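Since the structure comes first, as structure tokens, the remarks are kept for the end.
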């Protein structure tokens, strides 16, 4: 049974957010890539090209794009089992992510990780993690080494920022509280991004937490806790920009609670029978991609033809990614134990 509860999203005046045409189109293209990549994953999964659990990100694109597109190449991102789109936003090539989902040697994890373990050292993408909260200590460690390099090893340059993504269900786990405490104690350059999509598999968020407003939990540890409309990429970017600047300047962590919603079931094996039709329709009406498209067209920032060209480019990219994945070799069975240890 679904327990729908109307979620009031924080209001943001997008017209007060001044971004260049180029930056806006980068955001639009990144969200389109994420959405269409996940749709292609669903097609390939049901055709038997992918195996195991596959968790899709449809509906939550504004969070990934709004945060990650503010980061530099040297910054870090740590994800969850719903990790494909985070990797794409960080710059991991779509063909290598697709090949990983196919279990091929050309995948970003050499075909050993699959859907829940996307990883790319060249892009400082620290990976997806199959169990909730696993990534938070890893992300905290990445932020700690950034401080250590600057303060102890006296390496020049700016602090590297870490963005750590996790869901609402994770915030009842011990690692969440422990790492918030450490991050504040050591003023770590980390942004904790809670993608509150209202459901932890089949558990409605408001039924699982004594304080449903996750951002309020930051107060106990002495760091800023900010709630944002996770269906609005410009609102997310505005909040994340301040968090990145704060981290980069050595002022410590920020907790961002992005109110969002997944348009598909928990995984492709989930029939999605627990959520009501009314609840899903209300959130789908807030589609972040359609919202940004309307903003661009209403303000005459770009034409429909330009946006259609972006859509076509994304479609071609994904078709090529599937062709690449299908034509790539399987891992050699003789190398089954390779990559288990650092010397490999």
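Cβ from N, Cα, C; glycine included.
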Listed co-binder of thiamine diphosphate (same site as 81, 82, 130, 132, 168, 169, 197, source Swiss-Prot) among 266, 295: 266
Same-site pyruvate binder from 55, 215, given that Swiss-Prot records 81, 82, 130, 132, 168, 169, 197: 55
Separation of alpha carbons, residue 266 (thiamine diphosphate binding site) and residue 130 (pyruvate binding site) (Å): 13
Annotated thiamine diphosphate contacts 81, 82, 130, 132, 168, 169, 197, 266, maximal Cα-Cα distance (Å, integer): 18
Euclidean distance between Cα atoms of residue 266 (thiamine diphosphate binding site) and residue 197 (pyruvate binding site), Å: 10
In three-state DSSP terms, the structure that residue 169 (pyruvate binding site) belongs to: helix
Count of other CB atoms lying within 10 Å of the CB belonging to residue 266 (thiamine diphosphate binding site): 21
Per-residue Cβ crowding (10 Å cut-off), top of binding-site residues 130, 132: 132
